[in-house]
Amino acid sequence: MPCAQRSWLANLSVVAQLLNFGALCYGRQPQPGPVRFPDRRQEHFIKGLPEYHVVGPVRVDASGHFLSYGLHYPITSSRRKRDLDGSEDWVYYRISHEEKDLFFNLTVNQGFLSNSYIMEKRYGNLSHVKMMASSAPLCHLSGTVLQQGTRVGTAALSACHGLTGFFQLPHGDFFIEPVKKHPLVEGGYHPHIVYRRQKVPETKEPTCGLKDSVNISQKQELWREKWERHNLPSRSLSRRSISKERWVETLVVADTKMIEYHGSENVESYILTIMNMVTGLFHNPSIGNAIHIVVVRLILLEEEEQGLKIVHHAEKTLSSFCKWQKSINPKSDLNPVHHDVAVLLTRKDICAGFNRPCETLGLSHLSGMCQPHRSCNINEDSGLPLAFTIAHELGHSFGIQHDGKENDCEPVGRHPYIMSRQLQYDPTPLTWSKCSEEYITRFLDRGWGFCLDDIPKKKGLKSKVIAPGVIYDVHHQCQLQYGPNATFCQEVENVCQTLWCSVKGFCRSKLDAAADGTQCGEKKWCMAGKCITVGKKPESIPGGWGRWSPWSHCSRTCGAGVQSAERLCNNPEPKFGGKYCTGERKRYRLCNVHPCRSEAPTFRQMQCSEFDTVPYKNELYHWFPIFNPAHPCELYCRPIDGQFSEKMLDAVIDGTPCFEGGNSRNVCINGICKMVGCDYEIDSNATEDRCGVCLGDGSSCQTVRKMFKQKEGSGYVDIGLIPKGARDIRVMEIEGAGNFLAIRSEDPEKYYLNGGFIIQWNGNYKLAGTVFQYDRKGDLEKLMATGPTNESVWIQLLFQVTNPGIKYEYTIQKDGLDNDVEQQMYFWQYGHWTECSVTCGTGIRRQTAHCIKKGRGMVKATFCDPETQPNGRQKKCHEKACPPRWWAGEWEACSATCGPHGEKKRTVLCIQTMVSDEQALPPTDCQHLLKPKTLLSCNRDILCPSDWTVGNWSECSVSCGGGVRIRSVTCAKNHDEPCDVTRKPNSRALCGLQQCPSSRRVLKPNKGTISNGKNPPTLKPVPPPTSRPRMLTTPTGPESMSTSTPAISSPSPTTASKEGDLGGKQWQDSSTQPELSSRYLISTGSTSQPILTSQSLSIQPSEENVSSSDTGPTSEGGLVATTTSGSGLSSSRNPITWPVTPFYNTLTKGPEMEIHSGSGEEREQPEDKDESNPVIWTKIRVPGNDAPVESTEMPLAPPLTPDLSRESWWPPFSTVMEGLLPSQRPTTSETGTPRVEGMVTEKPANTLLPLGGDHQPEPSGKTANRNHLKLPNNMNQTKSSEPVLTEEDATSLITEGFLLNASNYKQLTNGHGSAHWIVGNWSECSTTCGLGAYWRRVECSTQMDSDCAAIQRPDPAKRCHLRPCAGWKVGNWSKCSRNCSGGFKIREIQCVDSRDHRNLRPFHCQFLAGIPPPLSMSCNPEPCEAWQVEPWSQCSRSCGGGVQERGVFCPGGLCDWTKRPTSTMSCNEHLCCHWATGNWDLCSTSCGGGFQKRTVQCVPSEGNKTEDQDQCLCDHKPRPPEFKKCNQQACKKSADLLCTKDKLSASFCQTLKAMKKCSVPTVRAECCFSCPQTHITHTQRQRRQRLLQKSKEL
């Protein structure tokens, strides 16, 4: 299928369409050839279609540009809320179908699935059921389809696994589905099948099983009205016709045959795809109502369901299904899974009225919507057309009758509708008829769609797996088991273990437990036979934002850095499931936007250089950045001398430009590329106008558009100059050609693109301060750059073929415009000194000027005049002395390019920076640092190539004048590697370059015979020389003969008009090419002239030797042309036209040449300056003449009309590498005697050339030189007034370089003429590739160069440009991927110029012999050995995480390093704990045996957290004692020891005693009287009291 231009996508200009043509066609269609169908069932179906198309859909953006071959719509997050006002995500696809593009504009069908959608798998009954809140992806789409040249159609597609669904176009309905089981290729298309709806193979037209009868339809309505009155008596109906949205909550059931056919894992996706299509059909405006089909529940019958019988008999199946679906439908419409209609999908071949297969596709109750026992239908699965069947049967549920039966909607012209009884497969799209609209509107207006008014509610289910008891309460479970009259037995307890139901007053049970989720009490439900409490969560607290933090430091000192401020969600923090704060968390602004110095390193380069001091794989490198377009805000760096790159940072520092070069101001912030406007505001839409003025209106801009029309040229030709400051540069060819665009600077020797005859790759090239995008699609080239350029550049064209035209344009600011900004309001002012540039040694502090606004402060630098910005200041700063460090020099070249002994060295010194110098120190001063390596192995993984062997040189092909010698060159294969082709010796060489002797300067003529026209001539190829002069000759003959010159002219030379007749065919000169109008006239003055007739000349090569005539002025090797005449051959005195086809040349077009005979009129002819057309000489022989006469190759100019048919007087001439010879035209004279005349040459003198009557005016603006042509002195002349060609004329012709082959030239004079230069043949190019030279012999005709000094000497040499000397450059092999058991290693292969080592495009190497060097090779094939391990050592620590070690070694060094056993293992990871003891308490008694107590705890050791104390175990050490004895001595009996008074106050001691603190030893000691010792007897206490009483009395 052709790739058509999508001009209908947007209002693109022709230029923009050309630029984007390649992108729009990318990934357009599958490759030609048959498509395999791995799935047999699909193959059988497709092969049965009369017509189908294989397409390759691609995902595109809104503009139609290619994005991906991946078609899946990637919404992986949890399903969003589907409110009607929510935002929608759009997705776009493009398909090339029937030579036109289809552009799909789709969005997720938000209302297609209910928010409480449930997928349920049933295994026979309710006790074996699995319910899940399905996680079906949001891949079901709906929208529009746009076809080129037509209006918009509708589409409903599912992008879950490819594109499946249907779309409507004005000329028909189409289905699309992917080729199943087709292998998915990364980066490749997935083939899809598109077929028309009417092309679905069916033996007969399928029908609907609903019977068409007036009586039946009337009875259905009466039954419905009766049911409405009986079941809904209190509902008042509004008789107004109000259009409002309706939601049809739908249950879809798939039987076991559906699951078996589509597979358990695919059936859900297939059904949802079908229902998505059904939704699209009900959204067709022809239905006249807003109806939404919403799937709330999908039931997959994994096993045959009890109570549901699906048979061939459609009515019985429908009756069984309706009864069954009512039993499982929750009664309350508020239940999230309550359905309004049930749809059964089956693979059973159903038939209306019979229990056998037939053509019935579906059956439904008429007007059954919202009736629980009749709102149901059955549908036979027939593939994607199933969607139309379901829509048809749902229409019956809305009371829609068949079209054409008892109504006026009979399909006109067999144009069907959705509600046609027989689903005829007509190409036009299916819609709802006017009758269908009236039926459904009447149904809804009567209030029969009352159940469709509620919007599907979202149910608060938290778990993905839903317990059945949540949906079915205990009463419903009993009804499912024992019928609709059963209820739950309230008297029975422990419902979670056994469900008891009341049936006819008796409690019965099947000893089954109630379903999980059944309510078993307040805030409790059944789970796994147990009643579990459902906890209530506290009220949630939503979060609130706190205050903004101050602005951070600027990330850069110049070039637009970034500052940030952030706020936290802590006012208050969200708790108990409360929503987190929404809105802006962190804000950014740009700072220090003034540009950095041009010589300063880029910001990315500075970040890469930070890793110069960080060892990478134990080596230090100097890193520089590389750009990854796919991840512009990640930092990738590459060593300067390395061939690998590494991602150093996941996110560059804020303020790093996203793209280096160009005019993009976008910067990376927090790892994301942010758009920055020209006003340096983040996410700003401020842009520059066409000439760079921020927020400008373009009034200061001018766009220059030019066209380069030069058709022909050689080498590099200037197209035009792009001035400095140019923007929006576009250069493009009008049509594809074989030419190449090039760019060079104003320096002629400096090329930026495609210079030196080297064609570069497509891509972006940084030059002149901007980036030029060079793109070549086929032969069409274009250049684009945003600008501005910082220097003027020349656009050139490297000519290869005719230029069809090149147009280019650019935008530049007008000259002489004043700046509207008031300059006096803004001025430059120096800022603060920066910190020292170094942390040690001597550095620099800088001070820069900032743009200041008067009365405001520092503003952006763009407000100040950059021309007046003062230079920055700097001064030295001295810091502490720098410490010693290692300095490593550059690596020397490797000692070997291959083999096992390669090494490279470098110098490593210990140095210290002292001011501006480096001082070398002893190595011991740096011994604390890691010393870089001084010796490194290299090229050891590269096998050395085999050696070339050469043979002896052959003899030279010629002895002089330039020849070739050859020799054999073979590869010895003395190594495993092949020979290096880049070092292959030459097998050919030039030889015999010495000049040939003068006696052989004239070559021997070719041999030839003349035939009488029976055999066509075989033309000898004549190589076209680089310089193609014109040469004019006339036949020469013996001196005694009166000669005449045959005329070669345009047809009808006697008329002066531009029209003529060629053998009965009309011709007309083209006035649009004036360069074709000039002619040459060569004639003699004889009155009796032999004429070349149209039937007389034929040329036939022969192997006979030809010698020159004794009577003619010829010599060996001379070239003579003859004219003969004989009896029986007619002749004419009128000039005869000889049309000639020019030699093929794409550069110039030469003039027409005429040679007239007879006494014709004098004709002037304008001189033609063009010398590019070739003139070929031929050699002929006249039969019937004893003296063999040689002929000369005659130079011929192109005819007036370049393409003459075979019916013309003369056949066309060969154009490519062939001599220009007319065929099968014998030439004779009246006398039969050959006439030989001298050579005629053209001299650019001031003498005039006669002009014929049919002269074509010469181009305007040119003054032609008139050439006076004379015959040589040795020729007989007549008394004609026409001039003759002189010897001087012939010399002039040779001098001007018009002679094609001087060696074939026979000197016309007898030695009395003037001297002239004679040139030899051009040699072959001196080289087989690259720049070389052609050589030829140049000598004076007198053999004395001084005689020809007055004449300009022709060039003896000229340059020749052949293809570049291309060769394959191979990089170093990488390390082997495995060290044993077979790995691989890779290397880089590049096509390079073997002379200057520049990279070439790969096609330059396609002519090299042999295949390219391999990119990869196997390595280390030896089998891996087993690792040897030693026993584990003891743990290094007894607690707190120790390490065990063991020896792991490989005996032979050939073990798999990826499977190396661990040599270390953690051990004793428990916490280190110890027993901690407190201080001993006081002894419980002062005598008589007491005890002391202290605290003993197991606590973590030092360094562990105190909260880890619960995890401590101290069993490994004995527990310290917690008690000990004290004061074991016996108490003394002395009365002095008796306590008679408390040491503290009596009242305080009584208080302590009341608080029961007497047991405390310190309290007992201070209050000894109030708290006596326990061992004091009663008598002692009495005696103590008496003593105390006495003391008081005293």
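The backbone N, Cα and C atoms fix where each Cβ goes, and this holds for glycine too.
Predicted, not measured: the structure shown is a model, and the values here were computed from it.
Taken from Swiss-Prot, the feature compositional bias 'Pro residues' covers 1018-1027.
Here Swiss-Prot flags 1040-1057 (among others) as compositional bias 'Low complexity'.
Taken from Swiss-Prot, the feature compositional bias 'Polar residues' applies to 1067-1076 (among others).
Here Swiss-Prot flags 1095-1114 (among others) as compositional bias 'Polar residues'.
According to Swiss-Prot, the compositional bias 'Low complexity' annotation covers 1117-1132 (among others).
The compositional bias 'Basic and acidic residues' annotation in Swiss-Prot covers 1151-1163.
Summarising the annotation, Swiss-Prot assigns compositional bias 'Polar residues' to 1273-1283 (among others).
Sequence annotations record features per position, and here Swiss-Prot assigns domain 'Disintegrin' to 465-544.
Taken residue by residue, the domain 'TSP type-1 1' (542-597) breaks down under DSSP into 0 helix, 13 strand, 43 coil. The feature domain 'TSP type-1 1' is assigned by Swiss-Prot to 542-597.
Helix, strand and coil counts under DSSP for the domain 'TSP type-1 4' (944-997) come to 3 helix, 16 strand, 35 coil. Annotation comment: Swiss-Prot describes 944-997 as domain 'TSP type-1 4', evidence class sequence analysis.
Among the features that Swiss-Prot reports, domain 'TSP type-1 6' is placed at 1368-1422, with the record citing sequence analysis. Residues in the domain 'TSP type-1 6' (1368-1422) partition by DSSP class (helix H, G, I; strand E, B; coil) as 4 helix, 17 strand, 34 coil.
Among the features that Swiss-Prot reports, domain 'PLAC' is placed at 1535-1575, with the record citing sequence analysis. Residue counts for the domain 'PLAC' (1535-1575) under DSSP (helix as H, G, I; strand as E, B; rest coil) come to 18 helix, 0 strand, 23 coil.
Look at Swiss-Prot and you will find 701-827 tagged as region 'Spacer 1'. According to DSSP, the secondary structure content of the region 'Spacer 1' (701-827) in residues is 3 helix, 66 strand, 58 coil.
As annotated by Swiss-Prot, region 'Spacer 2' applies to 997-1316.
Under the heading signal peptide, Swiss-Prot lists 1-25.
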Discussion item. If I take every residue in the domain 'TSP type-1 4' (944-997) and average their pLDDT values, what number comes out?
Written reply: 84
